[in-house]
């Protein structure tokens, strides 16, 4: 592939066997988690007929994920990362087996579903942090942009496929099949992950885990560059919560049930296009400025989304948001990995991923509050333009990020 091409270069999957193993394991894992994501709310709704109970399970799992990201960040900086990844995946699979056995009971236990949701949320996120911290060692820091784009495509593809498979399984075999196949898929991911090389953490003094986590917070707050990246990531995730307004906006546009699906597909489609056309991003001399501008553009797209007179134009705005947010997210990921010291990678990746989880929840809550006081159109526009104003202020304040320059990585013959 020509080094000037906009298209994503997939050569890492050929030249880096360890990354290829991670790619395969991640795809299987995403499909497995997707089967779980369909089954849990359906089972709870069937048992309780309560949307509140369904929401409670999501909240509990999200809380466990947040704690798991914090703990996983500390563990990834203290212990051999391959062992942490394998332990987390295996333990997570045990929880899926528990859900399967519970579903096979004549009267499944609701409490067991909640407790196993906590178990799986914690251990799943614990492994994610260790894997993120290990990625620079697996592909080299010069290939992080390419690895991030391939990973983004994996996530998007798996997120599209798994709900469809999960729905078919629910229609034919019930939730136990979803849980059983999710468990099988999780244990299958251990096979490629076993081929990974040893991933020891960098040498550093031993300290109390809480003190170690606080050191990560202090680094994040003290670094204008890394802290600014994390802040932008949180705001971008808040903007993506606009999906909670889709049903109300669909009524406003008088959309059919089939047409509503286009709203939900638009952002993932835009993000996939962003990942596929990210070939030149790694060669940007000023990635910080590009990150800021793409983030501002994504906020503008959300602000305009609700104002569109036709739903098809709203879909275009959402796809544009998906594309711009993908560009910003890839730059965030790459700069975070390259500008964070090796000894801090686990904790900073954990904090960065955690702000994605909390940013989405905060954004959904704020939009829900706005929706109670304003029309859906006004709520969507207010959120987008409000974030745009904050983004412009950050463009002025984050001077170090705005002026950051990097030397574009050298492209070898194998990459061309």
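Cβ coordinates are placed from backbone N, Cα and C, and glycine is handled just like the others.
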One side of the membrane in Swiss-Prot: residue 77 and residue 403: yes
Per Swiss-Prot, the range holding transmembrane segment, considering 1-21, 379-399: 379-399
The topological domain 'Cytoplasmic' (337-356) - residue tally per DSSP class, helix then strand then coil: 18 helix, 0 strand, 2 coil
PLDDT averaged over every residue in the topological domain 'Cytoplasmic' (131-156): 87
Contact set, same chain, for the topological domain 'Periplasmic' (105-109): CB under 8 Å, 6 or more residues outside the stretch: 43, 47
